[in-house]
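If you check TrEMBL, you get these features:
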{"type": "TRANSMEM", "residues": "6-23", "note": "transmembrane segment"}
{"type": "TRANSMEM", "residues": "44-64", "note": "transmembrane segment"}
{"type": "TRANSMEM", "residues": "70-96", "note": "transmembrane segment"}
{"type": "TRANSMEM", "residues": "117-140", "note": "transmembrane segment"}
{"type": "TRANSMEM", "residues": "152-173", "note": "transmembrane segment"}
{"type": "TRANSMEM", "residues": "185-205", "note": "transmembrane segment"}
{"type": "TRANSMEM", "residues": "225-243", "note": "transmembrane segment"}
{"type": "TRANSMEM", "residues": "263-287", "note": "transmembrane segment"}
{"type": "TRANSMEM", "residues": "307-328", "note": "transmembrane segment"}
{"type": "TRANSMEM", "residues": "380-402", "note": "transmembrane segment"}
{"type": "TRANSMEM", "residues": "409-427", "note": "transmembrane segment"}
{"type": "TRANSMEM", "residues": "433-455", "note": "transmembrane segment"}
Amino acid sequence: MGFGMELLFIIFISIAFLIYGVRHLKTVNQFSVFALDRNAFGSFAIYCTLLASGVGAGLLMGAAEKSYASGWFYTIACMGFTFQLILSGWLVPRIFKWRDCLSSGEILGKAFGGRDVRLIAGVLWLLFCMGIVSAQVVAMQRVSAMLLPADWHFAAAMLLSVTVILYSCLGGVRSVVITDIIQAVLLLSAMLAVVVWGVHLTGGWQPFYDHNIDNLHSLIDGNTSLLGMGLLFMVFFLGDALIPISIQRVTMSRSVSQARTAVYVTALIVSFVVLLSGALGTVAHLLDANQLPRDTFTILLERMPGWLSMVLLVGLLAAVMSSCDSYLNSAAVAFSNDVLAPLAAGISDQQLLKYGRLATLVIGVGAMIIACQADDILDLLVNSFEIWAPTLFPPMMFALFFHNNPRSFFYMPFVSGLLGVFLWKWYVHDEALAAGAMLCGMTASFLCYLALFMYRKRLCSQA
(Lines of atoms letter the chains of each structure in order from A and count residues from 1; the text may use other names and numbers.)
(Lines give C-alpha, C1' and ligand atoms only; values in the text may rest on other atoms or scores of the structure.)
Protein backbone atom coordinates (compact mmCIF):
# COMPACT_ATOMS: atom_id res chain seq x y z
CA MET A 1 0.00 0.00 0.00
CA GLY A 2 1.65 3.22 -1.15
CA PHE A 3 1.80 6.66 0.32
CA GLY A 4 -0.54 8.02 -2.39
CA MET A 5 -3.26 5.49 -1.56
CA GLU A 6 -3.06 6.35 2.15
CA LEU A 7 -3.38 10.07 1.48
CA LEU A 8 -6.33 9.48 -0.85
CA PHE A 9 -7.97 7.42 1.88
CA ILE A 10 -7.76 10.29 4.40
CA ILE A 11 -9.04 12.78 1.83
CA PHE A 12 -11.93 10.46 0.90
CA ILE A 13 -13.01 10.08 4.55
CA SER A 14 -12.86 13.83 5.06
CA ILE A 15 -14.91 14.64 1.96
CA ALA A 16 -17.52 11.92 2.62
CA PHE A 17 -18.22 13.03 6.20
CA LEU A 18 -18.25 16.71 5.22
CA ILE A 19 -20.79 16.04 2.48
CA TYR A 20 -23.02 14.32 5.00
CA GLY A 21 -22.73 17.27 7.37
CA VAL A 22 -23.63 19.73 4.61
CA ARG A 23 -26.68 17.63 3.70
CA HIS A 24 -28.07 18.17 7.20
CA LEU A 25 -27.32 21.88 7.36
CA LYS A 26 -30.88 22.85 6.34
CA THR A 27 -32.74 20.04 8.12
CA VAL A 28 -31.11 20.84 11.47
CA ASN A 29 -32.99 24.12 11.82
CA GLN A 30 -33.86 24.07 15.54
CA PHE A 31 -31.60 23.95 18.55
CA SER A 32 -33.48 20.96 20.02
CA VAL A 33 -32.73 19.00 16.82
CA PHE A 34 -29.07 20.06 16.95
CA ALA A 35 -28.87 18.94 20.60
CA LEU A 36 -31.03 15.79 20.86
CA ASP A 37 -33.24 15.11 17.83
CA ARG A 38 -35.58 13.09 20.05
CA ASN A 39 -37.30 9.95 18.69
CA ALA A 40 -35.31 10.08 15.43
CA PHE A 41 -33.16 6.99 16.03
CA GLY A 42 -33.81 3.28 16.49
CA SER A 43 -32.24 0.89 19.01
CA PHE A 44 -29.29 -0.04 16.78
CA ALA A 45 -28.41 3.62 16.22
CA ILE A 46 -28.53 4.37 19.96
CA TYR A 47 -26.33 1.36 20.69
CA CYS A 48 -23.80 2.37 18.01
CA THR A 49 -23.57 5.97 19.15
CA LEU A 50 -23.14 4.90 22.79
CA LEU A 51 -20.35 2.53 21.78
CA ALA A 52 -18.67 4.95 19.40
CA SER A 53 -18.77 7.87 21.83
CA GLY A 54 -17.38 5.75 24.67
CA VAL A 55 -14.64 3.92 22.78
CA GLY A 56 -12.17 6.63 21.89
CA ALA A 57 -8.44 7.10 21.95
CA GLY A 58 -8.05 6.47 25.67
CA LEU A 59 -9.86 3.16 25.70
CA LEU A 60 -8.37 1.82 22.47
CA MET A 61 -4.93 3.29 21.78
CA GLY A 62 -4.18 4.29 25.37
CA ALA A 63 -5.04 0.86 26.79
CA ALA A 64 -3.04 -0.94 24.09
CA GLU A 65 0.02 1.26 24.69
CA LYS A 66 -0.19 0.81 28.45
CA SER A 67 -0.67 -2.94 27.98
CA TYR A 68 2.49 -3.04 25.88
CA ALA A 69 4.46 -1.28 28.63
CA SER A 70 2.84 -2.67 31.81
CA GLY A 71 0.91 -5.77 30.85
CA TRP A 72 -2.74 -6.11 31.85
CA PHE A 73 -2.56 -3.53 34.64
CA TYR A 74 -4.35 -0.79 32.70
CA THR A 75 -6.49 -3.20 30.69
CA ILE A 76 -8.11 -4.57 33.83
CA ALA A 77 -8.49 -1.05 35.20
CA CYS A 78 -10.20 0.03 31.98
CA MET A 79 -12.96 -2.50 32.68
CA GLY A 80 -14.29 0.24 34.93
CA PHE A 81 -15.86 1.70 31.80
CA THR A 82 -18.07 -1.38 31.56
CA PHE A 83 -19.30 -1.03 35.13
CA GLN A 84 -19.93 2.65 34.54
CA LEU A 85 -22.32 1.72 31.73
CA ILE A 86 -24.04 -0.87 33.92
CA LEU A 87 -24.61 1.85 36.54
CA SER A 88 -26.04 4.13 33.84
CA GLY A 89 -28.34 1.34 32.64
CA TRP A 90 -29.71 0.88 36.15
CA LEU A 91 -30.43 4.61 36.35
CA VAL A 92 -32.08 4.89 32.90
CA PRO A 93 -35.68 5.19 34.24
CA ARG A 94 -34.67 8.09 36.49
CA ILE A 95 -32.69 9.79 33.73
CA PHE A 96 -35.60 9.45 31.30
CA LYS A 97 -37.84 11.46 33.64
CA TRP A 98 -35.71 14.51 32.76
CA ARG A 99 -36.35 14.07 29.04
CA ASP A 100 -37.67 17.60 28.64
CA CYS A 101 -34.18 18.98 29.41
CA LEU A 102 -31.66 19.46 26.61
CA SER A 103 -28.54 19.22 28.78
CA SER A 104 -27.22 18.00 32.11
CA GLY A 105 -26.71 21.58 33.26
CA GLU A 106 -30.41 22.23 32.75
CA ILE A 107 -31.23 19.17 34.88
CA LEU A 108 -28.98 20.38 37.70
CA GLY A 109 -30.36 23.91 37.41
CA LYS A 110 -33.91 22.65 37.90
CA ALA A 111 -33.00 20.15 40.63
CA PHE A 112 -31.10 22.73 42.71
CA GLY A 113 -33.15 25.78 41.80
CA GLY A 114 -30.66 28.17 40.27
CA ARG A 115 -29.38 29.49 36.96
CA ASP A 116 -25.97 29.86 38.60
CA VAL A 117 -25.86 26.08 39.16
CA ARG A 118 -26.69 25.53 35.52
CA LEU A 119 -23.96 27.96 34.47
CA ILE A 120 -21.28 26.32 36.64
CA ALA A 121 -22.20 22.87 35.32
CA GLY A 122 -21.95 24.12 31.75
CA VAL A 123 -18.53 25.72 32.24
CA LEU A 124 -17.06 22.65 33.94
CA TRP A 125 -18.40 20.36 31.23
CA LEU A 126 -16.77 22.58 28.60
CA LEU A 127 -13.41 22.18 30.38
CA PHE A 128 -13.92 18.41 30.63
CA CYS A 129 -14.73 18.15 26.93
CA MET A 130 -11.69 20.21 26.01
CA GLY A 131 -9.49 17.56 27.64
CA ILE A 132 -11.32 14.64 26.03
CA VAL A 133 -11.32 16.17 22.54
CA SER A 134 -7.62 17.01 22.96
CA ALA A 135 -6.95 13.33 23.67
CA GLN A 136 -8.72 12.40 20.43
CA VAL A 137 -6.69 14.94 18.45
CA VAL A 138 -3.47 13.49 19.90
CA ALA A 139 -4.68 10.08 18.76
CA MET A 140 -5.36 11.41 15.25
CA GLN A 141 -1.76 12.61 15.14
CA ARG A 142 -0.61 9.12 16.12
CA VAL A 143 -2.74 7.44 13.46
CA SER A 144 -1.59 9.90 10.81
CA ALA A 145 2.03 9.20 11.79
CA MET A 146 1.38 5.52 11.10
CA LEU A 147 -0.11 6.30 7.70
CA LEU A 148 2.13 9.00 6.29
CA PRO A 149 5.74 10.26 6.21
CA ALA A 150 6.87 12.63 8.96
CA ASP A 151 6.42 15.79 6.90
CA TRP A 152 2.77 14.92 6.19
CA HIS A 153 1.33 13.37 9.34
CA PHE A 154 0.69 16.64 11.23
CA ALA A 155 -1.18 18.15 8.27
CA ALA A 156 -3.23 14.97 7.87
CA ALA A 157 -4.15 14.96 11.57
CA MET A 158 -5.27 18.57 11.33
CA LEU A 159 -7.35 17.73 8.24
CA LEU A 160 -9.10 14.90 10.07
CA SER A 161 -9.65 17.08 13.14
CA VAL A 162 -11.11 19.91 11.07
CA THR A 163 -13.37 17.40 9.30
CA VAL A 164 -14.82 16.19 12.60
CA ILE A 165 -15.29 19.76 13.80
CA LEU A 166 -17.08 20.84 10.63
CA TYR A 167 -19.52 17.94 10.25
CA SER A 168 -20.35 18.16 13.98
CA CYS A 169 -20.91 21.89 13.55
CA LEU A 170 -23.14 21.56 10.49
CA GLY A 171 -25.28 18.52 11.27
CA GLY A 172 -25.33 18.51 15.07
CA VAL A 173 -26.21 15.29 16.83
CA ARG A 174 -27.80 13.91 13.65
CA SER A 175 -24.44 13.89 11.85
CA VAL A 176 -22.78 12.52 14.96
CA VAL A 177 -25.12 9.53 15.34
CA ILE A 178 -25.15 8.51 11.67
CA THR A 179 -21.36 8.63 11.40
CA ASP A 180 -21.15 6.77 14.72
CA ILE A 181 -23.07 3.84 13.18
CA ILE A 182 -20.50 3.54 10.41
CA GLN A 183 -17.59 3.99 12.79
CA ALA A 184 -18.83 1.43 15.36
CA VAL A 185 -19.12 -1.32 12.73
CA LEU A 186 -15.66 -0.50 11.33
CA LEU A 187 -14.12 -0.44 14.81
CA LEU A 188 -15.34 -3.86 15.91
CA SER A 189 -14.49 -5.53 12.60
CA ALA A 190 -10.97 -4.10 12.56
CA MET A 191 -10.17 -4.95 16.19
CA LEU A 192 -11.27 -8.57 15.88
CA ALA A 193 -9.42 -9.14 12.59
CA VAL A 194 -6.14 -7.69 13.87
CA VAL A 195 -6.16 -9.62 17.17
CA VAL A 196 -6.77 -12.94 15.39
CA TRP A 197 -3.93 -12.17 12.96
CA GLY A 198 -1.59 -11.10 15.77
CA VAL A 199 -2.15 -14.19 17.91
CA HIS A 200 -1.52 -16.40 14.88
CA LEU A 201 1.69 -14.48 14.04
CA THR A 202 3.12 -14.89 17.56
CA GLY A 203 2.74 -18.68 17.52
CA GLY A 204 -0.89 -19.26 18.40
CA TRP A 205 -2.96 -19.05 21.55
CA GLN A 206 -0.58 -21.00 23.84
CA PRO A 207 2.35 -18.48 23.83
CA PHE A 208 -0.19 -15.67 24.09
CA TYR A 209 -1.86 -17.35 27.07
CA ASP A 210 1.43 -18.17 28.83
CA HIS A 211 2.66 -14.58 28.53
CA ASN A 212 -0.55 -13.19 30.01
CA ILE A 213 -0.57 -15.67 32.91
CA ASP A 214 3.01 -14.71 33.82
CA ASN A 215 2.09 -11.05 33.64
CA LEU A 216 -0.92 -11.52 35.93
CA HIS A 217 1.18 -13.40 38.49
CA SER A 218 3.74 -10.60 38.61
CA LEU A 219 0.92 -8.09 39.00
CA ILE A 220 -0.61 -9.97 41.94
CA ASP A 221 2.78 -10.12 43.67
CA GLY A 222 2.98 -6.32 43.82
CA ASN A 223 0.67 -4.80 46.45
CA THR A 224 1.28 -1.23 45.26
CA SER A 225 0.42 -2.26 41.70
CA LEU A 226 -2.83 -3.80 42.88
CA LEU A 227 -3.70 -0.68 44.86
CA GLY A 228 -2.88 1.55 41.90
CA MET A 229 -4.92 -0.68 39.60
CA GLY A 230 -7.86 -0.54 41.99
CA LEU A 231 -7.70 3.24 42.14
CA LEU A 232 -7.51 3.50 38.36
CA PHE A 233 -10.44 1.08 37.99
CA MET A 234 -12.53 3.34 40.20
CA VAL A 235 -11.45 6.36 38.15
CA PHE A 236 -12.74 4.75 34.97
CA PHE A 237 -15.84 3.46 36.77
CA LEU A 238 -16.88 6.79 38.25
CA GLY A 239 -14.79 9.31 36.30
CA ASP A 240 -17.28 9.78 33.50
CA ALA A 241 -20.37 8.18 35.05
CA LEU A 242 -23.55 10.10 34.19
CA ILE A 243 -21.65 12.48 31.93
CA PRO A 244 -23.83 14.65 29.67
CA ILE A 245 -23.17 12.41 26.65
CA SER A 246 -24.67 9.40 28.47
CA ILE A 247 -27.61 11.52 29.64
CA GLN A 248 -28.04 12.83 26.09
CA ARG A 249 -28.14 9.33 24.56
CA VAL A 250 -30.77 8.19 27.06
CA THR A 251 -33.04 11.22 26.67
CA MET A 252 -32.93 11.09 22.85
CA SER A 253 -34.25 7.49 22.94
CA ARG A 254 -37.85 6.63 22.20
CA SER A 255 -38.51 4.73 25.42
CA VAL A 256 -36.97 3.57 28.68
CA SER A 257 -36.69 -0.01 27.44
CA GLN A 258 -34.91 1.06 24.25
CA ALA A 259 -32.40 3.15 26.17
CA ARG A 260 -31.77 0.52 28.84
CA THR A 261 -31.23 -2.27 26.29
CA ALA A 262 -28.83 -0.10 24.30
CA VAL A 263 -26.80 0.79 27.40
CA TYR A 264 -26.49 -2.82 28.59
CA VAL A 265 -25.54 -4.11 25.13
CA THR A 266 -22.93 -1.36 24.90
CA ALA A 267 -21.51 -2.39 28.29
CA LEU A 268 -21.06 -5.94 27.02
CA ILE A 269 -19.38 -4.83 23.79
CA VAL A 270 -17.14 -2.31 25.58
CA SER A 271 -15.77 -5.08 27.83
CA PHE A 272 -14.97 -7.04 24.66
CA VAL A 273 -13.22 -4.02 23.12
CA VAL A 274 -11.19 -3.48 26.30
CA LEU A 275 -9.93 -7.06 26.16
CA LEU A 276 -9.11 -6.71 22.46
CA SER A 277 -7.16 -3.52 23.18
CA GLY A 278 -5.11 -5.29 25.85
CA ALA A 279 -4.54 -8.18 23.46
CA LEU A 280 -3.14 -5.80 20.84
CA GLY A 281 -0.61 -4.49 23.35
CA THR A 282 0.36 -8.04 24.31
CA VAL A 283 0.84 -9.06 20.67
CA ALA A 284 3.06 -6.02 20.06
CA HIS A 285 5.12 -6.87 23.16
CA LEU A 286 5.63 -10.45 21.99
CA LEU A 287 6.75 -9.19 18.59
CA ASP A 288 9.17 -6.52 19.88
CA ALA A 289 9.54 -5.66 23.57
CA ASN A 290 12.23 -3.00 23.13
CA GLN A 291 10.28 -0.07 21.71
CA LEU A 292 8.52 2.90 23.29
CA PRO A 293 4.85 2.39 24.26
CA ARG A 294 3.76 5.01 21.73
CA ASP A 295 5.16 2.74 18.98
CA THR A 296 2.78 -0.12 19.86
CA PHE A 297 0.72 0.16 16.70
CA THR A 298 3.77 0.85 14.55
CA ILE A 299 5.16 -2.54 15.64
CA LEU A 300 1.96 -4.19 14.45
CA LEU A 301 1.72 -2.25 11.20
CA GLU A 302 5.28 -3.06 10.15
CA ARG A 303 4.45 -6.77 10.13
CA MET A 304 0.98 -6.65 8.61
CA PRO A 305 0.00 -7.28 5.02
CA GLY A 306 -1.12 -4.08 3.28
CA TRP A 307 -4.85 -4.86 3.32
CA LEU A 308 -4.86 -5.61 7.06
CA SER A 309 -2.90 -2.48 7.94
CA MET A 310 -5.58 -0.46 6.16
CA VAL A 311 -8.26 -2.31 8.16
CA LEU A 312 -6.50 -1.45 11.42
CA LEU A 313 -6.08 2.19 10.49
CA VAL A 314 -9.75 2.42 9.50
CA GLY A 315 -10.68 1.02 12.91
CA LEU A 316 -8.40 3.43 14.75
CA LEU A 317 -9.73 6.43 12.86
CA ALA A 318 -13.30 5.27 13.48
CA ALA A 319 -12.70 5.06 17.23
CA VAL A 320 -11.00 8.43 17.46
CA MET A 321 -13.34 10.42 15.21
CA SER A 322 -16.53 8.98 16.73
CA SER A 323 -15.56 9.87 20.29
CA CYS A 324 -14.32 13.30 19.24
CA ASP A 325 -17.57 14.30 17.49
CA SER A 326 -19.74 13.21 20.43
CA TYR A 327 -17.88 15.36 22.93
CA LEU A 328 -17.77 18.30 20.54
CA ASN A 329 -21.54 18.21 20.09
CA SER A 330 -22.19 17.80 23.81
CA ALA A 331 -19.86 20.70 24.65
CA ALA A 332 -21.56 22.95 22.09
CA VAL A 333 -24.97 22.12 23.58
CA ALA A 334 -23.65 22.92 27.06
CA PHE A 335 -22.34 26.29 25.88
CA SER A 336 -25.61 27.38 24.30
CA ASN A 337 -28.04 25.83 26.77
CA ASP A 338 -26.13 26.03 30.07
CA VAL A 339 -23.80 29.01 29.68
CA LEU A 340 -25.41 31.34 27.16
CA ALA A 341 -29.10 30.79 27.96
CA PRO A 342 -28.81 31.64 31.70
CA LEU A 343 -26.77 34.76 30.92
CA ALA A 344 -28.92 36.03 28.05
CA ALA A 345 -32.55 35.74 29.08
CA GLY A 346 -34.95 35.67 26.16
CA ILE A 347 -32.40 34.48 23.60
CA SER A 348 -34.12 32.96 20.56
CA ASP A 349 -33.90 29.36 19.40
CA GLN A 350 -32.12 30.38 16.20
CA GLN A 351 -29.51 32.29 18.18
CA LEU A 352 -28.90 29.26 20.40
CA LEU A 353 -28.43 27.17 17.26
CA LYS A 354 -26.03 29.70 15.73
CA TYR A 355 -23.92 29.98 18.87
CA GLY A 356 -23.96 26.21 19.33
CA ARG A 357 -22.39 25.80 15.91
CA LEU A 358 -19.88 28.56 16.64
CA ALA A 359 -18.98 26.91 19.96
CA THR A 360 -18.25 23.65 18.13
CA LEU A 361 -15.66 25.47 16.03
CA VAL A 362 -14.05 27.30 18.95
CA ILE A 363 -13.89 24.25 21.24
CA GLY A 364 -12.47 22.12 18.45
CA VAL A 365 -9.74 24.61 17.62
CA GLY A 366 -8.89 25.01 21.32
CA ALA A 367 -8.55 21.24 21.69
CA MET A 368 -6.24 21.14 18.66
CA ILE A 369 -3.98 23.73 20.30
CA ILE A 370 -3.86 21.77 23.57
CA ALA A 371 -3.14 18.54 21.69
CA CYS A 372 -0.04 20.10 20.14
CA GLN A 373 1.41 20.43 23.67
CA ALA A 374 0.32 17.00 25.00
CA ASP A 375 1.48 13.44 24.38
CA ASP A 376 0.03 10.88 26.80
CA ILE A 377 -3.56 10.04 25.83
CA LEU A 378 -4.56 8.21 29.00
CA ASP A 379 -3.14 10.94 31.25
CA LEU A 380 -5.25 13.51 29.41
CA LEU A 381 -8.34 11.43 30.15
CA VAL A 382 -7.54 10.97 33.85
CA ASN A 383 -6.90 14.69 34.27
CA SER A 384 -10.22 15.42 32.56
CA PHE A 385 -12.06 13.05 34.90
CA GLU A 386 -10.76 15.08 37.86
CA ILE A 387 -12.77 18.04 36.55
CA TRP A 388 -16.11 16.24 36.31
CA ALA A 389 -16.28 13.43 38.84
CA PRO A 390 -15.59 15.16 42.20
CA THR A 391 -17.68 18.23 41.40
CA LEU A 392 -20.68 17.29 39.24
CA PHE A 393 -21.18 13.51 39.37
CA PRO A 394 -22.36 13.51 43.03
CA PRO A 395 -24.89 16.35 42.45
CA MET A 396 -26.16 14.61 39.30
CA MET A 397 -26.63 11.35 41.18
CA PHE A 398 -28.43 13.21 43.98
CA ALA A 399 -30.66 15.05 41.48
CA LEU A 400 -31.86 11.76 39.98
CA PHE A 401 -33.25 10.70 43.36
CA PHE A 402 -34.24 14.01 44.98
CA HIS A 403 -35.83 16.99 43.21
CA ASN A 404 -36.32 20.58 44.40
CA ASN A 405 -33.17 20.80 46.51
CA PRO A 406 -31.72 23.99 48.04
CA ARG A 407 -28.65 25.50 46.38
CA SER A 408 -26.52 24.66 49.41
CA PHE A 409 -26.96 20.99 48.46
CA PHE A 410 -25.05 21.77 45.28
CA TYR A 411 -22.41 24.20 46.50
CA MET A 412 -21.27 22.51 49.71
CA PRO A 413 -20.54 19.08 48.14
CA PHE A 414 -19.09 20.88 45.10
CA VAL A 415 -16.54 22.72 47.25
CA SER A 416 -15.88 19.59 49.32
CA GLY A 417 -15.04 17.68 46.15
CA LEU A 418 -12.58 20.33 44.98
CA LEU A 419 -10.89 20.43 48.39
CA GLY A 420 -10.54 16.65 48.37
CA VAL A 421 -8.75 16.73 45.01
CA PHE A 422 -6.40 19.53 46.04
CA LEU A 423 -5.52 17.94 49.40
CA TRP A 424 -4.68 14.60 47.78
CA LYS A 425 -2.46 16.26 45.20
CA TRP A 426 -0.79 18.30 47.94
CA TYR A 427 0.04 15.41 50.29
CA VAL A 428 0.31 12.32 48.03
CA HIS A 429 3.23 12.38 45.59
CA ASP A 430 3.42 8.70 44.60
CA GLU A 431 2.68 8.54 40.86
CA ALA A 432 1.18 5.06 41.25
CA LEU A 433 -1.50 6.60 43.49
CA ALA A 434 -2.14 9.73 41.43
CA ALA A 435 -5.56 8.45 40.39
CA GLY A 436 -6.65 8.66 44.02
CA ALA A 437 -7.12 12.44 43.78
CA MET A 438 -10.39 12.06 41.92
CA LEU A 439 -11.63 9.39 44.32
CA CYS A 440 -10.67 11.48 47.34
CA GLY A 441 -12.67 14.39 45.93
CA MET A 442 -15.68 12.19 45.21
CA THR A 443 -15.56 10.67 48.69
CA ALA A 444 -15.50 14.13 50.26
CA SER A 445 -18.45 15.22 48.13
CA PHE A 446 -20.55 12.14 48.92
CA LEU A 447 -19.77 12.41 52.65
CA CYS A 448 -20.94 16.00 52.53
CA TYR A 449 -24.17 14.86 50.87
CA LEU A 450 -24.64 12.22 53.54
CA ALA A 451 -24.24 14.83 56.28
CA LEU A 452 -26.65 17.23 54.55
CA PHE A 453 -29.22 14.49 53.99
CA MET A 454 -29.10 13.39 57.63
CA TYR A 455 -29.37 17.01 58.75
CA ARG A 456 -32.43 17.61 56.58
CA LYS A 457 -34.00 14.37 57.77
CA ARG A 458 -33.54 15.43 61.39
CA LEU A 459 -35.11 18.83 60.70
CA CYS A 460 -38.11 17.14 59.08
CA SER A 461 -38.56 14.82 62.06
CA GLN A 462 -38.52 17.77 64.47
CA ALA A 463 -41.07 19.76 62.44
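Each Cβ is built from the backbone N, Cα and C atoms, and glycine gets one as well.
Long-range Cβ contacts of the transmembrane segment (307-328) within its own chain (Cβ-Cβ under 8 Å, at least 6 residues beyond either end) map to 1, 6, 9, 13, 17, 49, 52-57, 59-61, 129, 132-133, 136-137, 139-140, 143, 146-147, 160-161, 163-165, 167-169, 175-176, 179-180, 182-184, 186-187, 189-191, 193-194, 197, 245, 297, 300-301, 360, 363-364. Away from its own ends, the transmembrane segment (433-455) comes close to residues 227-228, 231-232, 234-235, 238-239, 382, 385-386, 389-391, 393-394, 398, 408-409, 412-414, 416-421, 423-425 of its chain (Cβ-Cβ under 8 Å, at least six residues beyond either end). Each of 6-23, 117-140, 152-173, 185-205, 409-427 was scored by its Cβ pairs under 8 Å to the transmembrane segment (44-64), and the highest score goes to 117-140. Only pairs six or more apart in sequence are counted, and the transmembrane segment (152-173) with the transmembrane segment (409-427) gives fewer than three Cβ pairs under 8 Å, not enough to call it a contact.
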